[in-house]
Amino acid sequence: MAQGAVIHVAPEEPTHAVCVVGTATPLDIRGSAPRGSTSFSITASPEVVVDVIHGPPSKKSTTGASKWPLDPKLEVTLQMKAASSRIDDQKVRISYYGPKTSSTQALLYLTGVELSLSADVTRTGKAKPAPAGKDQSTWTWGPDGHGAILLVNCDKEDPKSSGMDFEDDKVLDNKDLQDMSPMTLSTKTPKDFFDKYQLVLQVPKAKMNKVRVFRATRGKLPSRYKVVLGPQQFSHRLELLGGQHSTDFYVEGLAFPDADFKGLIPLTISLLDKSNPELPEALVFQDTVMFRVAPWIMTPNTQPPQEVYVCRFSDNEDFLKSLATFTKKAKCKLTVCPEEENQDDQWMQDEMEIGYIQAPHKTLPVVFDSPRDRGLKDFPVKRVMGPNFGYVTRGLYRAEVTGLDAFGNLEVSPPVTVRGKEYPLGRILIGSSGYSSSESRDMHQILQDFLGAQQVQAPVRLFSDWLFVGHVDEFLSFVPARGKQGFRLLLSSPRACYQMFQELQTEGHGEASLFEGLKRKRQTISDILSSQKLRDQNAYVESCIDWNREVLKRELGLTEGDIIDIPQLFRIVGNSRGNPKAEAFFPNMVNMLVLGKHLGIPKPFGPIINGRCCLEEKVCSLLEPLGLHCTFINDFYSYHMYHGEVHCGTNVRRKPFAFKWWHMVP
């Protein structure tokens, strides 16, 4: 809230002060009242509004003004109706009275000025003065909230540039300018006002490395935008002429919210009195605009797809052809990373997660680059980041990175309501160890801190360390569906698979085998059902998935009716450290690519019953009644044999939510 300095008056000599239009300035009546005074009256020029907070006046003075008692509860404020045309052109007279003293007067000469710092605090996309009752120095959530929003300028408008736009202190062009938030300083003063007064724009020193402010000046791009605040400068003294002026600023974020940064940045304009060169400058007035840096937001499977990413490598030509046909059916753009750029690293899902940032005036897709840094490490920087496509990462030391730091272990639910609490942007899901041990793996705390600090998609920790790779996308997915929730949660289910195989054996299909047409050992339904070792392994897997099932029901507000069990078997193998972990026994159907109503599902190569794969038939019977279309894609040799599936090998850029993140209440 804008604040003016307290004005003190004294009978000995006139007082001179500045009053900012629209701001109630405190006036100290009692501090220098003559000894013996018990009451006072006050008169002022027509352009000055005097407000006395007290009980009823004691009586009328001889001048016709009300007399007020001088008691400790007295509060007097002044407001100017308009800016002064010259210095000291408004006057306030205070008369003091006492039972045994004659009337004594104190004079106050006022200069009214208009001074305001405005930004888009109403979130309409345009900078304008805050409406009455809105304190622009605060930031509030919700549909009735207020406060300005700032984007991290993390895209790269110049394709030839080696870094993000915020990494330099220049405005490249008007497109670069559109990534920034406008802010305007409006002033109206007497012509010689700034001979004795100074305006200073400032940011707290602790926040100076989180923001950069450009001042618009006359001239051609880019020289007409001068850096006035940023990592090297926490304050800027404005040299202004008197009269009426408007000064435009453009503000860019330099850092996302994180464990050590809540995302709030106050920018303050201060008016200083420098009239006496022998004294330090005195603070006369301050106005502050509070900005919040927009969070990075993930998009769930229920959001419309816009672009699919995949790698080309020596073993996936047939897969690419199938994927191209599938994405064409879903009317979705397909971008293929060439082999020379991925260095045989086919795990596109693990390398990055594509989300977005948003302010009222601009929405920007932003890729979050994982710290795994294998063959695809340059792809997010060199091929995804660009004009109107931002980039963010959180670096880790190589020795600190585990498989759970890859982004197949980072998912987000559709919007949910949990025990009355709304999550209109869904909740982030990350995999972790169920309990700590010398061999346990977790997503690094630096990544978890970043995700939690965004505030709008409160993370949920799931148990995934039981898996060979350890990612949540190995046992769950979400698909759009009709109904109240608007989606279904798909969970891998050994129990459902055993039940199905048992029924088929009872019907006389025990000799039907998996992996028909593949160079794999023949495995019949009866072989699988008779293996106690495999049963024990899948009972363990089922217990792990059941644990997550209860967590998901509790943290996402789901019921059993919101969950579909996808038949799936696992087996236990040793990982690189020799620890027993689970991996899919046949291609993991829940690890699917969801493009609207079109599902690209790993072809399971299940037993053929009456000319059709019984696993495919079962999944279709579960999902097609929801209005979904199932396409089974052969990824056996290109992905499944390397511990991944269709979802692991692809990535999707999706349409941002229509819901505005600032309308929610975290």
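Cβ atoms here come from the backbone N, Cα and C positions, even for glycine.
Summarising the annotation, Swiss-Prot assigns active site to Asp350, His471, Asp473, Cys648 and lists similarity to another entry as the type of evidence. Marked as Ca(2+) 1 binding site by Swiss-Prot: Asn153, Asp155, Asp165, Asp176, Asp179. The Ca(2+) 2 binding site annotation in Swiss-Prot covers Asp155, Asp179. Annotation comment: Swiss-Prot describes Asp165, Asp168 as Ca(2+) 3 binding site, evidence class similarity to another entry. According to Swiss-Prot, the feature Ca(2+) 4 binding site maps to Gln349, Glu353, Phe407, Leu410, Glu411, an assignment based on similarity to another entry. Marked as Ca(2+) 5 binding site by Swiss-Prot: Glu351, Asp369, Ser370. If you look up Swiss-Prot, you'll see Arg374 marked as substrate binding site. According to Swiss-Prot, the feature citrulline maps to Arg212, Arg218, Arg372, Arg374, Arg383.
Recorded features from Swiss-Prot, shown on the structure.
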{"residue": "Asp165", "record": "Ca(2+) 1 binding site", "contacts (Cβ under 8 Å, 6+ apart)": "Asn153, Cys154, Asp155, Lys156, Glu157, Leu172, Asp176, Asp179, Glu252"}
{"residue": "Arg212", "record": "citrulline", "contacts (Cβ under 8 Å, 6+ apart)": "Phe166, Asp169, Val227, Leu229, Gly230, Pro231, Val251, Glu252, Leu254"}
{"residue": "Arg218", "record": "citrulline", "contacts (Cβ under 8 Å, 6+ apart)": "Arg224"}
{"residue": "Glu351", "record": "Ca(2+) 5 binding site", "contacts (Cβ under 8 Å, 6+ apart)": "Asp345, Asp369, Ser370, Arg372, Arg374, Leu376, Lys377, Phe379, Pro380, Ala406, Phe407, Asn651"}
{"residue": "Glu353", "record": "Ca(2+) 4 binding site", "contacts (Cβ under 8 Å, 6+ apart)": "Met298, Val367, Phe368, Ser370, Phe407, Leu410, Asn651"}
{"residue": "Arg383", "record": "citrulline", "contacts (Cβ under 8 Å, 6+ apart)": "Thr335, Cys337, Glu341"}
{"residue": "Glu411", "record": "Ca(2+) 4 binding site", "contacts (Cβ under 8 Å, 6+ apart)": "Pro300, Ile428, Leu429, Ile430, Val472, Asp473, Leu476, Phe478"}
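The Cα of Asp350 (active site) lies closest to that of Cys648, out of the recorded positions Asp168, His471, Cys648. Classification of Asp179 (Ca(2+) 1 binding site) by DSSP places it in coil, neither helical nor stranded. Ranking the recorded positions Arg372, Arg374, His471 by other CB atoms within 10 A of the CB puts Arg374 at the bottom.
The Cα atom of Gln349 (Ca(2+) 4 binding site) lies nearest to that of Cys648, taking the recorded positions Asp168, His471, Cys648 as the candidates. DSSP assigns Arg212 (citrulline) to a strand segment in the three-state reduction. Cβ neighbour counts within 10 Å, taken over all protein chains shown, single out Asp179 as the most crowded of the binding-site residues Asp179, Asp369. Note: the Ca(2+) 1 site is recorded as Asn153, Asp155, Asp165, Asp176, Asp179; in the same chain, Leu151, Cys154, Lys156, Glu157, Met164, Phe166, Leu172, Lys175, Met180, Glu252, Gly390 also have Cβ atoms within 8 Å of that site's Cβ centroid.
Cβ environment of Cys648 (active site): Trp347, Met348, Gln349, Asp350, Gly408, His471, Asp473, Asn591, Tyr639 lie under 8 Å away, each six or more residues apart in the same chain. Classification of Arg383 (citrulline) by DSSP places it within a helix. Around Asp168 (Ca(2+) 3 binding site), the same-chain residues six or more apart in sequence whose CB sits under 8 Å from its CB are Ser161, listed in sequence order.
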